[in-house]
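Taken from TrEMBL, the feature domain 'Radical SAM core' applies to 100-323. Marked as [4Fe-4S] cluster binding site by TrEMBL: 114, 118, 121. Feature annotation from TrEMBL assigns N6-(pyridoxal phosphate)lysine to 326.
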Ligand SMILES: *Cc1c(COP(=O)(O)O)cnc(C)c1O
Ligand code: SF4
């Protein structure tokens, strides 16, 4: 490992060598091959970077990192209310690759790909093919943003926007900074957690090289996802002056305990990351077995509030199609 900055292309190598064969994953972890479901794998392929597999516990079929990526037979049961477009994003898509649902910020589908396929992903059925931001679509998106004076923030999302090469990200952020009413650029990504080498010098320079204030929202669900390599990656972002927040998804059997949530907030804060949102699951087809009732989620966050300073308690939220912002669920404090 380089002392501070990783080699500029180390992350692309890690992307290419991610595990996509369930048998390889399970044999690496000394687990029975029967744990993976072939139909679930063919409907949404297994994908997990080796660096994350190294943080899984061998021999543990309930490992919280493994359960987030292993194709399971439970995904193949249709459950009423769980659909392929739970957020109705297909209706808020005025220009290809652009989603404008909340008045002051706009989401740009920078990339359809991800470094990892999370089984509960709310975009696992999103029509990325129709939403590629090629040069023509990018010009149209810029025109759209330029003509909407109310927009103050552009959010690069996906898929995972950091699957995109640094040179392209730098050009995109520079183009956005030419639009006078934009103040901030935000990147929503899971890559620094699953492939920490993704935090290159070129990336931090792209994010901090314009007048736009840079924000990164990580997606980390469990304290076991954070090791020294992730800590170093986050330190590189923080040292560069980037505001770093975290959002997580509340998942049954993975992080639905006060202990896991408390450790997640505390571990991230050690490297200067504040919790942002804790999302209840979007009702996406194939993910019903991760669902937790609102009442349980509200009790959990109520208890978390008693155990942590307020600034380390994430906002419990969900996305409801048609609302002008995320919808917050208030913590239930009656049991504390
Ligand atoms: C979540 C989301 C945002 C960002 O919302 P914040 O509350 O600012 O984090 C913006 N646009 C869309 C379409 C979103 O889904
Ligand atoms: S990294 Fe995010 S977008 Fe990609 S599969 Fe996971 S949850 Fe979905």
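The backbone N, Cα and C atoms fix where each Cβ goes, and this holds for glycine too.
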Identify which of the following recorded positions, namely 114, 118, 121, 326, place a Cβ less than 6 Å away from any atom of ligand 1, and list them by sequence position.
326
Sorry to bug you, but what's the C-alpha spacing from residue 118 ([4Fe-4S] cluster binding site) to the residue listed as 'N6-(pyridoxal phosphate)lysine', rounded to the closest Å?
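About 21 Å separates the two Cα atoms.
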On average, what pLDDT score does this prediction assign to the domain 'Radical SAM core' (100-323)?
95
An 8 Å radius from the center of the 114, 118, 121 Cβ atoms defines the neighbourhood of the [4Fe-4S] cluster site; name the other residues of that chain inside it, in order.
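So the extra residues in range turn out to be 116, 117, 119, 120, 123, 124, 160, 190.
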Given a separation of at least six residues and a C-beta threshold under 8 Å, show me what packs close to residue 118 ([4Fe-4S] cluster binding site) in the same chain.
68, 69, 190
Counting across all protein chains shown, how many other Cβ atoms sit within 10 Å of the Cβ of residue 114 ([4Fe-4S] cluster binding site)?
23
Relative to the Cβ position of residue 121 ([4Fe-4S] cluster binding site), how many further Cβ atoms are located within 10 Å?
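Taking every protein chain into account, the count is 20.
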Near the Cβ of the residue listed as 'N6-(pyridoxal phosphate)lysine', how many other Cβ atoms are there if near means within 10 Å?
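13, counting other Cβ atoms within 10 Å of the residue listed as 'N6-(pyridoxal phosphate)lysine'.
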In which DSSP state, out of helix, strand and coil, do we find residue 326 (N6-(pyridoxal phosphate)lysine)?
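The three-state answer is coil.
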For residue 121 ([4Fe-4S] cluster binding site), name the DSSP secondary structure in the helix/strand/coil scheme.
coil
